[in-house]
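K.L.:
Here it is, the structure, as structure tokens.
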Amino acid sequence: MMIVLSGMIGAGKSSLTTILAEHLGTQAFYEQVDDNPVLPLFYADPKKYAFLLQIYFLNKRFASIKRALADDNNVLDRSIYEDSLFFHINADMGRATEQEVQVYDELLDNMMEELPYAAHKKAPDLLVHLEISYDKMLEHIKKRGRSYEQPENDSSLVGYYHNLLDRYDAWYQNYNYSPKMQINCDQLDFVDNPVDRQKVLALIDEQLKKRGTL
Ligand SMILES: Nc1ncnc2c1ncn2[C@@H]1O[C@H](COP(=O)(O)OP(=O)(O)OP(=O)(O)O)[C@@H](O)[C@H]1O
Ligand SMILES: Nc1nc(=O)c2ncn([C@H]3C[C@H](O)[C@@H](CO)O3)c2[nH]1
């Protein structure tokens with residue numbers, strides 16, 4: 001079983017990846033963030049580094065999917081489809097050229113075809129999307145405290161986050177690679193509140209049982 005978590009920056013994917021992997025007794029695969037040398041460069045100069053960051057994420061994501069596929073059961077923090085969403089939003093904001101977008105799209109298609117499970121299983125068993133409001137997302141971003149993500153250090157992030165949030169919603173509505181479910185994280189503190197955590201796990205278990213995966 002492969003479960004993939006999706007959602008905005010700070011929605012709670014990494015936190016829920018840990019909780020869910022422990023609950024299901026499976027392995028967790030995290031996005032490369034704190035040891036990602038390109039991320040701070042990107043936030044300091046998005047136009048210069050958007051393409052490089054995207055190639056960095058694509059490379060790491062692909063390696064992580066291949067490692068995950070070596071196991072029967074796993075939980076992944078963010079999908080490869082969202083990387084592409086991020087890049088296209090950045091390109092629409094003038095941070096990548098048409099040529100860079102074309103190269104990225106072709107490379108992504110090419111790499112997806114190479115996945116060892118391509119013949120029989122191209123997508124996760126379940127996508128769990130973490131829905132979050134702008135205000136709650138900022139609360140989480142502040143709580144976590146990565147300096148380059150704080151709008152008070154860079155006011156252009158307000159527009160960037162609104163763009164991402166708007167497009168994320170449409171992305172989830174159109175996502176059809178696998179079964180999917182959505183959890184609204186505004187009222188559910190699955191990090192510090194054990195009752196909320198059980199509620200979220202029960203919602204996911206219910207979906208897995210319904211689909212015969214659990
Ligand atoms: N439901 C929640 N209730 C309260 N705090 C939360 C919740 N979800 C996440 N947090 C807190 O918000 C911060 C961001 O969470 P986390 O790192 O899990 O998000 P993420 O979706 O993985 O972010 P990114 O996309 O940037 O990697 C952390 O400090 C975490 O403890
Ligand atoms: N530009 C860009 N493209 C991506 O594919 C991508 N994936 C994640 N991120 C940023 C968001 C968080 O700050 C941080 C952790 O998710 O990394 C991305 N940024």
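Just so you know, glycine gets a Cβ as well, placed from its N, Cα and C.
This is the feature table in TrEMBL:
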DOMAIN    3-206  domain 'Deoxynucleoside kinase'
BINDING   GLY7, MET8, ILE9, GLY10, ALA11, GLY12, LYS13, SER14, SER15, LEU188, ASP189, PHE190  ATP binding site
BINDING   GLU31, TYR43, GLN54, ARG78, ASP83, GLU149  substrate binding site
ACT_SITE  ASP77  active site, proton acceptor
K.L.:
Under 6 Å from ligand 2 by C-beta, which of these recorded positions make it: ALA11, LYS13, ASP77, GLU149? Sequence order, please.
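P.N.:
GLU149, in sequence order.
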K.L.:
Name the one residue among GLY7, SER15, ASP189 whose Cα is closest in three-dimensional space to that of ARG78 (substrate binding site); these are the binding-site residues.
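P.N.:
It is GLY7, whose Cα lies nearest.
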K.L.:
Looking at the domain 'Deoxynucleoside kinase' (3-206) alone, can you tell me the average pLDDT?
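P.N.:
On average, pLDDT over the domain 'Deoxynucleoside kinase' (3-206) sits at 94.
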K.L.:
Hey, of the binding-site residues listed (GLU149, ASP189), which one tops the CB count within 10 A?
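P.N.:
Most Cβ neighbours within 10 Å: GLU149.
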K.L.:
Any of the binding-site residues ILE9, ALA11, TYR43, GLU149, ASP189 with a C-beta atom under 6 A from ligand 1? Give them in order, or none.
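P.N.:
Within range of ligand 1: ILE9, ALA11, ASP189.
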K.L.:
Tell me the Cα distance separating ILE9 (ATP binding site) from GLN54 (substrate binding site), rounded to the nearest angstrom.
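P.N.:
Cα-Cα distance, GLN54 (substrate binding site) to ILE9 (ATP binding site): 16 Å.
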K.L.:
Within 10 Å of the Cβ of ARG78 (substrate binding site), how many other Cβ atoms are there?
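P.N.:
I get 22 for this one.
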K.L.:
What kind of secondary structure is ARG78 (substrate binding site) part of, going by DSSP in three states?
P.N.:
coil
